[in-house]
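**Q** From TrEMBL, here are the annotated features:
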type     : residues : note
TRANSMEM : 28-46    : transmembrane segment
TRANSMEM : 58-79    : transmembrane segment
TRANSMEM : 118-138  : transmembrane segment
TRANSMEM : 250-274  : transmembrane segment
Amino acid sequence: MKDTAIVGKPVEIGLRLIDSWPGASNRIGRLTVWSLMMAALIFQYWDAVSVFNDLDNLMDNFSVTITETLFFVKLIIVYKNRRYVNEVLKHMSEDWNSVKSVEEWTVMTEHAKLSRIFYIWALGLYVGTVVLFLPVVINHYNAADINDRKFVLPSEYPFQSKVSPVYEVLCCVQFLQAVLTAAGNALTESLLVTLVLHAGSRLVLLRKDISRFSDISRTVDDRRKILLAGNVLVANHRRVIEFSDKIEDLFSYISLVQVLSSTLIICTIGFMFITSISSTKNILTLMKFGLFILGELWETLAYCLAGEYLSNQSQSISQAVYECPWYKMQPRDSKMLMMIMIRAQKPLRITAGKFIFLSLDNFTDILKTSLSYISVLRAIY
């Protein structure tokens, strides 16, 4: 099966654009994206410095600028880890090519469809957030003083940037940059979810293999067939573990920057959202930051939920071994299941920098910390 069919065409296009697709080189595309992002971030941080003493405008800037910076860092990490991208795609391709039954195909296809649905939802949410930045820009377009005009992304330029047609050109470029960031974030999350769901599908099939091995052990007298079934079972379990380790290698540091920055981003967006609620004249800003904070919460939740799902699915192997009629099997066969059960008690996990497990508990901690910081900002403001 082609790698495109495994991860979806949008993910392939994104990985090709940033020069991270296996067997393809696109240095021009990668350098172009990196250059555009760096140039844009310089002017956004310049704006942050210029409004440093204005907490309201500073939080408005940070909510966007930190998000853009996070995306840029993710791009660099994915490129640096492109070897792991190649390994996981090769592993998935081998799994798909080794499918031998309709049951296997059905389980894996259902999980693959879920990853496609996730990408469409994430992309729609993030692009929808970007679109809601436009009403604020349009609302200030005909301001009496052109200096009151708003950019799509808060920026400060070393030239007269709010006169026509320079202003319109910059707004179009910024909008495209924001859409690129939205699509890029959806890309990295979709890749993670695709890999985790694939691992989940293999674990579902492994549970079925455990049940079949139990039946073979109790009904077949040929020891060679029993040993062969047992060896295949152990090999499939080890293969899932190896695949999980590759996911960890690819996303460990991406998850780290996501977890570390998400608290600050949620804090700044939450502050702007609460400020908008208290202002009866700021409905457009309320809509903008309302969907913005929803998107950021979803982004963080996606990482934590993926880690939680993988952990739960891996631990279910122990339960599957316990629930099969192992007590009716030959002792030497049940020992094989015992080894699988012992290994499965150590759950497969995705970590943030090798020291924080991605889980729903971690997501709750991020929310608590963010709310605490918002309370401090509100007290200062």
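Just so you know, the numbers here start at 1 and follow the chain as drawn.
A Cβ is built for glycine as well, from the same backbone N, Cα and C atoms used for every other residue.
Describe each of these features in terms of where it is and what it packs against.
**A** Tertiary proximity for the transmembrane segment (28-46) is limited to same-chain residues at least six positions away from its ends with a CB under 8 Å from its CB atoms, namely 16-19, 61, 64-65, 68-69, 71-72, 75-76, 79, 153-157, 174, 177, 180.
For the transmembrane segment (118-138), the residues of the chain that approach it from at least six positions outside its boundaries are 8, 10-11, 149-153, 171, 175, 178-179, 181-183, 185-187, 189-190, 193, 284-285, 287-288, 291-292, 294-295, 298-299, 302, judged by C-beta separation under 8 angstroms.
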**Q** At a C-beta cut-off of under 8 Å, are there same-chain residues at least 6 beyond the transmembrane segment (250-274) that contact it? List them, or none.
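**A** For the transmembrane segment (250-274), the far contacts come to 56, 59-60, 62-63, 66-67, 69-70, 73-74, 77-78, 81, 84-85, 88, 188, 192, 195, 285-286, 289-290, 292-293, 296-297, 299-300, 303, 307, 350-354, 356, 358, 362, 366-367, 369-371, 373-374, 377-378, 381.
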**Q** Using a Cβ cut-off under 8 Å, which residues of the same chain at least 6 positions beyond either end of the transmembrane segment (58-79) come close to it?
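**A** Distant Cβ neighbours of the transmembrane segment (58-79) are 15, 18-20, 30, 33-34, 37-38, 40-41, 44-45, 47-48, 51-52, 85, 153-154, 177, 181, 184-185, 188, 253-254, 257-258, 261, 264-265, 268-269, 271-272, 275, 289, 292, 296, 377.
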